[in-house]
Every structure is written in C-alpha cells, then in structure tokens.
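> I'd like to ask some things about the structure below.
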Amino acid sequence: MSITKEFDTITAISTPLGEGAIGIVRLSGTDALAIAQSVFKGKNLEQVASHTINYGHIIDPKTGTIIDEVMVSVMLAPKTFTRENVVEINTHGGIAVTNEILQLLIRQGARMAEPGEFTKRAFLNGRVDLTQAEAVMDIIRAKTDKAMTIAVKQLDGSLSQLINDTRQEILNTLAQVEVNIDYPEYDDVEEMTTALLREKTQEFQSLLENLLRTAKRGKILREGLSTAIIGRPNVGKSSLLNNLLREDKAIVTDIAGTTRDVIEEYVNIKGVPLKLVDTAGIRETDDLVEQIGVERSKKALQEADLVLLVLNASEKLTDQDRALLNLSQDSNRIILLNKTDLEQKIELEQLPDDYIPISVLTNQNINLIEDRINQLFFDNAGLVEQDATYLSNARHISLIEKTVQSLEAVNDGLALGMPVDLLQVDLTRTWEILGEITGDAAPDELITQLFSQFCLGK
C-alpha cells in the first residue's frame, strides 16, 4: 500500500449536532495548523508542542468578532489518527456555534470532509488496515458491551494479525512450490511438492473454518437478533415488549387489535442485542389498517432470527393459537405461556414440552427467556471468549467463505492428481482474497464504498 500525504486539508464537526456540553470541530491535513491559527486568538498554534491543549478564542478574521471561547488540541504528524497534522477545536456545544466555526475554517481554505474521510486517510496513510477502519464504526454502533469488546479487539489488530500471518504462510508455501517446480533435481520432487501442498492447504482450511465458526456468534453480537413477538390479539405481546424494554413503548389495553402496526425496539439481553418487533395480532379482520399490520406481522415472522410466541395460559387454545404454532414451528422459537398468575385453562398436552410459563404482570420467569436465548444461539457457552478472534462483519465472512472454497479446490485437485502448477492458481487466489479483507488487495471502488458508510467527522 502506498503512503500518501499529498492531501488537501479537511474539516468537519465530529460531535453529534444538537445541544451539548461541548462540540468538536476537527481539521486534518498539511495546512491544519495554519488554517486554525488564522481564526484563533491565543498562543501561536504553529509553534506549540504536539499533543497539547491550548486556551483561546475563535474569532472572525474579517470582523474581529469573537465566536466562542475554546480549547484547541494540536497533534502533529505522524503521531495522529490520520498521520497528518490534526487540530481539534473544543467549543461550547450547540448547532449555531459549531456551524459558524466550520464555515470559518472552510472560508480560510479547508474543505468539508466527506463521510469517513478522516478514517479513510488513516487507512491510506497506513495507520490502520481495512478491518481496523471498519472496527471504528463497529465501536460507534455497538449496542452492547460484548459487541464493543469484539470491535475493540478488531481495532487492536487481532483479525488483521491472523489474516496477515496466514497470507505470509501461503506466500511461503507458494515460493517453496515454485522452487520445486523450477529446480526438479530429485526424482521424487513432484511427490514432495504434492505432500507439501496437501499438508499446508489442509492447515489453512482448518484455521479458516475455525474462524468461520465464530461468525454466527460474532454477527449476532454485532447486528443483533431480529426477534418477532407474535400471538393472537390481547395475549400480552405489548406488555412483554414493555417489560423487556422496561418502559412503555406499546399501547397496552384490554381491547383486541390495539397494536395495529409493527413496533421495533432494541434491548440488551445479557450482552445480546435483540431487535424486538412487537407485531399486530395475527387474525382475520375487516379493519383495513389492522389488516396491513397483520400482513407486516407475517412478514416479520418470516424474516426473524428468533420468534417469541405468546399464548394466554388463562384461556383454552384457539384455532389462531394452533395456526401460529404451526406457522412458527420451523423457526428458532420460544413459546411463552403468559398470565400464569390467573387460573390456568390452556391444554398443556397439546403444546411442545419446551414452553416457558411467565407472568408479565408479576415478572415471573422473565429471566428464563434470557437463558433460553443463550441456549438456542450460543449452546450455553460464554458469549465472548477473552482471547478469541471473532468474525462479525458480513463482508469478512463472505470473503473467508470464498477462501475456504479456493482451498477445497486445491485439495480436490490434489485428489484428482492435477498438475501442481495449476493448483497454484487456486492457492494464489486464496492469498488475494485474504488481502481484500485487510485492504492490501481491495479495489478502489470497494474502499470508497466502505468509507462512504461512515458518519461525518470520523
């Protein structure tokens, strides 16, 4: 990767827009210090030591008007996130003041940064690779401490190290094969080369397949489980949603059909982010608005990773209950018998044995739902092993799957007795695909597309 430092100077607001204690406007580039100094009244920023914070005021150089009282952080290249000169202006939080300072910096010669451009420069300047750059956004978007743990390990380079070490081993193997082909001084050189390839490709395949086994857990922790709460009207779906959220998001009444649409909320269940979808009760109805909600509920059920089927334990099973039991039987399903605080009338013998009796009203057995989720998706294992490297990014997972396919092609070719020089092609392809993960062999279009998904100022 080429080290690029011939960039213009960019600027953006790095804190969320709105009222707050502070706002931060960031500059990065060769002229960052000069541009910041042109609007700063205080110490000469071009002469202060690196990694210092300096008190002063931002002024409009045209009018001399004071815009705000600020603290300015100065960080000199190359010991910065972008490996360029970086200035961060810490202002009082607020839309007007941060925008005013941003416009001043642009007027003085800075360019408005594109989404993710600061991190893109860190990548292009060799400060981080592509997996570490993606981890930056994963940290920002992490919904639980477990998801953040995985993202921090990726930012620290755990996945990069594993991929780079594997690529180097593949390169060493290719070099040895090439030597054996070019200098066939021994009669058994072909057998030696075949044995080497077989041993190494099986080793690489085993390593990457083990990494793929972490993908299910990692992806769930990163993206969450899409969880549909289903049941006929007025069995307690919205009450369950509110109980899990510990706040009133859904309307709870005794009137069947109150939830007429799909309500979505995130909740942290023992470190697992659940995207809870409270669906309208699935039943036949003449109400047009409710019909739309019912259809969306069926769609949510089809797309869900997890289904919470709520039944009313104080009533006998209805045809609607039986229909939902059949509709959800092939899903990752947890059957919840609600209203167990009332007299029980439901026919337990008609239900699978793995139901959980609960009372949303008294909070009975709600904790068992969390335990069952752990059992269904994590085989009762710990969510995150401290020293393990996890795959959680769909792009990484897809590329690792492709590398495993390439290695399988090498092994299949060896079994068929194909010439070694032809099998080199698949092994070389494996090396190239792994390079796409770290960015060493990623096309420019992919890099541009990835960083365009970042937020402004990052």
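Yeah, the Cβs are placed from backbone N, Cα and C, and that goes for glycine too.
In case it helps, Swiss-Prot gives these features for our protein:
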{"type": "BINDING", "residues": "ARG26, GLU88, ARG127, LYS458", "note": "(6S)-5-formyl-5,6,7,8-tetrahydrofolate binding site"}
{"type": "BINDING", "residues": "ASN234, THR253, ILE255, THR258", "note": "K(+) binding site"}
{"type": "BINDING", "residues": "234-239, 253-259, 278-281", "note": "GTP binding site"}
{"type": "BINDING", "residues": "SER238, THR259", "note": "Mg(2+) binding site"}
{"type": "DOMAIN", "residues": "224-378", "note": "domain 'TrmE-type G'"}
> Given that the record lists ARG26, GLU88, ARG127, LYS458 as binding (6S)-5-formyl-5,6,7,8-tetrahydrofolate, what is the largest C-alpha to C-alpha distance among them, in Å?
19
> Name the one residue among ARG26, GLU88, ARG127, LYS458 whose Cα is closest in three-dimensional space to that of ASN234 (K(+) binding site); these are the binding-site residues.
LYS458
> Given the binding-site residues ARG26, GLU88, ARG127, LYS458, which one's Cα is the least distant from that of SER238 (Mg(2+) binding site)?
LYS458
> Around LYS458 ((6S)-5-formyl-5,6,7,8-tetrahydrofolate binding site), how many other CB atoms lie within 10 A of its CB?
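Result for LYS458 ((6S)-5-formyl-5,6,7,8-tetrahydrofolate binding site): 20 other Cβ atoms within 10 Å.
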> At the Cα level, what's the spacing in Å between GLU88 ((6S)-5-formyl-5,6,7,8-tetrahydrofolate binding site) and LYS237 (GTP binding site), rounded?
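Rounded to a whole number, the Cα-Cα distance is 48 Å.
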> Express the distance between the Cα positions of LYS237 (GTP binding site) and LYS458 ((6S)-5-formyl-5,6,7,8-tetrahydrofolate binding site) as a whole number of Å.
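Given the Cα positions, LYS237 (GTP binding site) is 40 Å from LYS458 ((6S)-5-formyl-5,6,7,8-tetrahydrofolate binding site).
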> Could you work out which of the binding-site residues (ARG26, ARG127, LYS237) has its C-beta surrounded by the smallest number of other C-beta atoms within 10 A?
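Comparing Cβ neighbour counts within 10 Å for the binding-site residues ARG26, ARG127, LYS237 gives ARG127.
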> Given a 10 Å Cβ-Cβ cut-off, pick out the one of the binding-site residues ASN234, SER238 that has the most other Cβ atoms nearby.
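Selected residue: SER238.
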> What is the total of other Cβ atoms whose distance to the Cβ of GLU88 ((6S)-5-formyl-5,6,7,8-tetrahydrofolate binding site) is within 10 Å?
19
